[in-house]
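The next block holds one structure in the form of structure tokens; read it before the comments.
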Ligand SMILES: Cc1ncc(COP(=O)(O)OP(=O)(O)O)c(N)n1
Ligand SMILES: Cc1ncsc1CCOP(=O)(O)O
Ligand SMILES: [Mg+2]
């Protein structure tokens, strides 16, 4: 019988996803408080120092730093949380993550995946991809805003995150659907002026600390 993973705020606001310690540090400096370190397909020994230092920085700022994929290292270095996809769920030791007190976010792309995710009582559910994205090769089609709204209607009691192709221009319409957080990669990392882009996105989505205000 599954137990719930620890809670996150219902609305986590702007949620940038980045692949280096430099980005984590920059984003914390400008006030981002929900973020993810996503390094793909490197040996654990190679990424451990980066993951460890990112967790130290995140914890020092009382930020919600999620570690993508490397759940053992997230446990070892006491991250705020872990983000896993559906395939990751097959192999990860969810009970170990829960026992260690880490939050868990899970990717979903359709109703069946949402059902599978809800069954493990995660901290949040990510819904994607909403729009076409250049950042990750996606086997499914973009969901669009109508599908997002339909999914959000059944997820009122759990924090939600929308991801995929969310730009500054598209963010208001995504947030108007009622999602609690917008996860972005290229809107920040490929922006001509990342500081300006981050400030604009923070103004639209918030930091996620508003629940405590
Ligand atoms: C917030 C958020 N949503 C979805 C993903 C994608 O996770 P996953 O499906 O495991 O794919 P990878 O990121 O591991 O390539 C995410 N990372 N964060
Ligand atoms: C990691 C991930 N998972 C689903 S879409 C995506 C990439 C989102 O990147 P962008 O914000 O640049 O479209
Ligand atoms: Mg993954």
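These residue numbers are counts, starting from 1, taken along the chain as shown.
Backbone N, Cα and C define each Cβ position, glycine as well.
Residues or ranges marked as 4-amino-2-methyl-5-(diphosphooxymethyl)pyrimidine binding site by TrEMBL: 36, 37, 38, 39, 40, 68, 107, 136. In three-state terms derived from DSSP, residue 136 (4-amino-2-methyl-5-(diphosphooxymethyl)pyrimidine binding site) belongs to neither a helical nor a strand segment and is classed as coil. Cβ contacts within 10 Å of residue 136 (4-amino-2-methyl-5-(diphosphooxymethyl)pyrimidine binding site), excluding its own Cβ and spanning all protein chains shown: 13.
As annotated by TrEMBL, Mg(2+) binding site applies to 69, 88. DSSP assigns residue 69 (Mg(2+) binding site) to coil in the three-state reduction, placing it in neither a helix nor a strand. In the shown protein chains, 22 other C-beta atoms lie within 10 A of the C-beta of residue 69 (Mg(2+) binding site).
Look at TrEMBL and you will find 19-188 tagged as domain 'Thiamine phosphate synthase/TenI'.
Take the CB of residue 40 (4-amino-2-methyl-5-(diphosphooxymethyl)pyrimidine binding site) and look out to 10 A: across all protein chains shown you find 9 other CB atoms. Among the binding-site residues listed (37, 38, 39, 68, 69, 107), 38, 68, 69, 107 have a CB atom closer than 6 Å to some atom of ligand 1, in sequence order. Applying an 8 A CB threshold to same-chain residues 6+ apart, the list for residue 88 (Mg(2+) binding site) reads 69, 71. Mapped onto three states, the DSSP output places residue 36 (4-amino-2-methyl-5-(diphosphooxymethyl)pyrimidine binding site) in strand. Ligand 2 lies under 6 Å from the Cβ of the following binding-site residues, listed in sequence order from 36, 37, 69, 88, 136: 136.
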